[in-house]
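Per TrEMBL, compositional bias 'Pro residues' is recorded for 75-86. Sequence annotations record features per position, and here TrEMBL assigns compositional bias 'Basic and acidic residues' to 200-213. According to TrEMBL, the domain 'Ig-like' annotation covers 353-486, 525-625, 1053-1141. Among the features that TrEMBL reports, domain 'Fibronectin type-III' is placed at 637-733, 735-839, 940-1035. Marked as region 'Disordered' by TrEMBL: 1-91, 150-215.
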Amino acid sequence: APGPFCPQTQESRPPAPPPSDPGVGTPAPSSLGTWHRATALSRRRGWGWTPGSQGGGAGGSNFTVLSVESKDSCPAPPSRPTPPTSHPGKDTVIVAKVNGKELQGKPTFKWIKGKWLELGSKSGARFTFKESHDPASNVRTLWGRGGMGARAGGCTGPASQKAYSASEKESDTAGGWRRQRETLTSSPRGGPACSPTLREVVEEENKKKKKDDDDLGIPPEVWELLKGAKKSEYERIAFQYGITDLRGMLKRLKKAKVEVKKSAAFTKKLDPAYQVDKGNKIKLVVEISDPDLPLKWFKNGQEIKPSSKYVFENVGKKRILTINKCTLADDAAYEVVVKDEKCFTELFVREPPVLIITPLEDQQVFVGDRVEMSVEVSEEGAQVMWMKDGVEMTREDSYKAQYRFKKDGKRHILIYSEVTLEDKGRYRVMTNGGQCEADLIVLQDIADLTVKASEQAEFKCEVSDEKVTGKWYKNGVEVRPSKRITISHIGRCLGSWFSVAAEPCFLAEPLEGIGRAQLPSLKLPRISALPPEPPKIHLDCSGKTSENAIVVVAGNKLRLDVSITGEPPPVATWLKEDQVFSATEGRVRIEQREGSSSFLIESAERGDEGRYTIKVTNPAGEDVASIFLRVVDVPDPPEAVRVTSVGEDWAVLVWEPPKYDGGQPLTGYLLERKKKGSQRWMKLNFEVFTELTYESTNMIEGVLYEMRVFAVNAIGVSQPSVNTKPFMPIAPTSEPQHLMVEDVTDTTTTLKWRPPDKIGAGGIDGYLVEYCVEGQRREVSGAVADEWIPANTEPVERCGFTVKNLPTGAKIVFRVVGVNIAGRSQPATLTQPVTIREIVEQPKIRLPRHLRETYVRKVGEHLNLVIPFQGKPRPQVVWTKGGAPVDASRVHVRTSDFDTVFFVREAARSDSGEYELGVQIENMKDTATIRIRVVEKAGPPEHVMVKEVWGTNALVEWQPPKDDGNSEITGYLVQKADKKTMEWFTVYEHNRHTCCTVSDLIMGNEYYFRVYSENFCGLSDLPGVSKNTARIVKTGITFKPFEYKEHDFRMAPKFLTPLPDRVVVAGYAAALNCAVRGHPKPKVVWMKNNMEIREDPKFLMTNYQGVLTLNIRRPSPFDAGTYSCRAVNELGEALAECKLEVRGEDARPALHPAFEPLRAPGGPCWAGLGSEPGRPSGL
């Protein structure tokens, strides 16, 4: 804020405290500042005072400066204004007094906020300034009020007699200190110039301070060395350079090394304040550390949306807000938010001075007349302030005083519907460029009077001048004073008293010798009872149409005050359309006051639009007035936003207008695009675009983009439309390569080609084939061109196509184009036309190599033979077996133009044999023979016998199986088993002979042998077992067994551990366990619901030394039931049963899947009988 200044030079200085006594040049110590006096009192030309840092609200300190300039001699210093302290949301009041005894005339005062913002243009909006003059003491009192609690700043009030000749302003970059200097002209009377200026005083103080800082005597290069050194090296450097004041050195280093904490989000913040002239544009620039951080702009706490007025730009790490065509509404506090960090600034819009073109005029009216006081200013929509007798007139007080304001272009009108005596006075209109005044004189007319008989009647009449005399008349006869009638003349008031009802009249006449005052005669009506007055609605709307219309922006508050007159007071009723509206509370309500009725809408909505009617009634009649309320809003988002075509670096976007335009014509559209997956939208236009089709350029080929559109009207910008489907800027492919004719018939032509050399990032969707009959041409745009007929409407993906339904014998030219999202490529055209005529070609079967030998398949497998052939025209294909047609019930044959398919779903042994394929065209024929053999496993070998035993060797012989499975026997598998254990062990594999010698047999044991046959399908299902055994005896040793009674170990089967009931979870393997004992070894059979479980891959049955286990793989609810285990031998049988319950996965216990609950006869316990899914279970 500016500091004290001198009349010749004025420059910003640090704030100084005021003096305790303005008449003494010595400043008094104070925490608020210092009062400066330029020089001796006789040479002093001005006074200045600046309070120090005081709480000025949320925004910072308030600085107030008041200066008084005089041409001849310095006036008495002004009284120091009280340093204000305001709170957010509260008003701040500054009062100062100026002693004008030494001033030549009335000075001009200017209030300035900060260093340069004149607050005169803000008068009536946020600030109110008043001035009063005490003629007795010749002291002028300045009074300023403003809502500075929310945005604190500096206020300056210089007063001068317009002695300025030029002004010169210097300002460094935005955000730094601003200096303002004003040069004043010398006094016309040649008064003495100002001696030592404040600039010189401050410079001397700075030099002295600098000298004190340099008293340490340390050279600058040593300071630089100390700044970069570690703390441990300070003492060494001080000793090296002879520094003795270590404490002073450390204190200065501490100050030098204090660094301002850098912002994590901002590398460059907004300047503290900006200024712009009304109608110009301004850019607010910040720089952020990460370009991907989201950033938002706010104005007075409300987020700013992009529009034609507010334009967002992203240039690297810079984020720029451009405000076009600034108005007074843009004078506000702005805020930038990045993550959790914020920075603030304040924009001041400097309005050009508003001049008064047509000033107010004095008016003289009577009580009850309609009065309109108008003034015309130079700017339309300018802010003016009306004052009456020095008191501001506001709209809030208009309903009390029964006046209202009206704007008609550049004219500002104050309207009184019925003026009263209280409304007379001195009226003033003030703008930031001037003011004008006028008097409103209200005269009291003679009013009707109703009195009772024998009561006194008093009539009064006011005239314009005290020197005017008048005469009273009754029924045309002059009234003379008497005992019953008294006539008085006090000032400008003439009075008369009567004791009976009459019809008096008053006529004013001028006094001779004093002057002539013209006043028309006034006639007093007959004294009678007052008749009722019909109600009347005094409604005025600023709509320019014939009907009353009011436009309100959605979300704004609307208050419609309607003045009502009538006797007796009328009753007001509001109607919306045809429905009576009477709510007195809520968002939409009615307020009734004496002489007026108000309709309020707190936050207007679209549904509030319609015609509103106010009806007032009393016994004398009624009056009706209608108002059409139109609610305007931002439009809805555009619809059907889509991309119609793309190119290598461009795309065409089309859309449809929104269904609702907000009640205002659309001014255009704003468009944005971004890469898919990114959160950063880039604006495509800064001025609104009025068309419905837009071509976006400078895009990267192969990158997916999304676009959206905003609709704009006079109210603002709509919400964004739905994003387009992701699209990719791509170019059409190059033309297909190597186009050639593959086949021609009487009505078709088959073409083939290769893909284009250049496909691009968009790929290729397919190919379109077109043909042109030679000789057929058509006129296109005034020129004759070939008529190309499309052969396919949908693109084909493969590089080949057959064009059908062609005219036989015609000569046709073909071409092929590639198609992708970017469009059609250049065509590939045949160099020579093709004659549509079929060429006879001899039939020929192209038998595949694997079918030239016997084709072997297993029983149950499918047979699928595809045999291509050639020939033109299409040959006739015949399949035969043994000279007879194939069985159509087993064999399915499908034939096309170039191959035939032989298919059998499940092959059987009966399908084996020789098949003959015949392809015939007229008398030309070609045949091929296909041999098919269907095989299966062979039967068991026969007559397995032990022919000879010697030593530890045995000779085993057998006969080949009767059924070889329609395949050659490739070998045999021989196994042996000890008679005691009957456990089989393999002796030979792939033995090709029908005999073998088994060696290394154990002496004293007796062996059985079995043989499996093997062919193309594998081992036979059943073996051939030897009828006799091979007993290996010890030579030379005879065993004589003891004679004792052999113990009988035989016993019937008995279950040692029964099967417990189980509850398992579906999908987790389960196991059923039990133990059985018996001799001979019992045969074990597992059953489910009394049905034997056979070779089912879902179940695995094991028997390990009498412990029986049934593993169930991934059980389902279908596997629940009663499971039983039966053990049988020659002495008897035993049976164990259990119940298995399978539950869903949601019933699984909250334990590891490897553990499942198991109930045992002795009580509940937990056993690891389950397992994880897919893992076999064990004990």
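Just so you know, glycine gets a Cβ as well, placed from its N, Cα and C.
Stretch with the largest number of CB pairs closer than 8 A to the domain 'Fibronectin type-III' (637-733), among 353-486, 525-625, 1053-1141: 525-625. 525-625 is the stretch from 525-625, 735-839, 1053-1141 with the greatest number of Cβ pairs below 8 Å to the domain 'Ig-like' (353-486). Remark: secondary structure over the domain 'Fibronectin type-III' (637-733) totals 0 helix, 42 strand, 55 coil, with classes taken from DSSP. Across the range of the domain 'Ig-like' (353-486), the DSSP-based residue counts are 7 helix, 65 strand, 62 coil.
On the 0 to 100 pLDDT scale, the domain 'Fibronectin type-III' (637-733) averages 91 in the predicted structure. Note on the domain 'Fibronectin type-III' (735-839): DSSP counts are 0 helix, 53 strand, 52 coil. For the domain 'Ig-like' (525-625), the DSSP counts in helix, strand and coil order read 3 helix, 56 strand, 42 coil.
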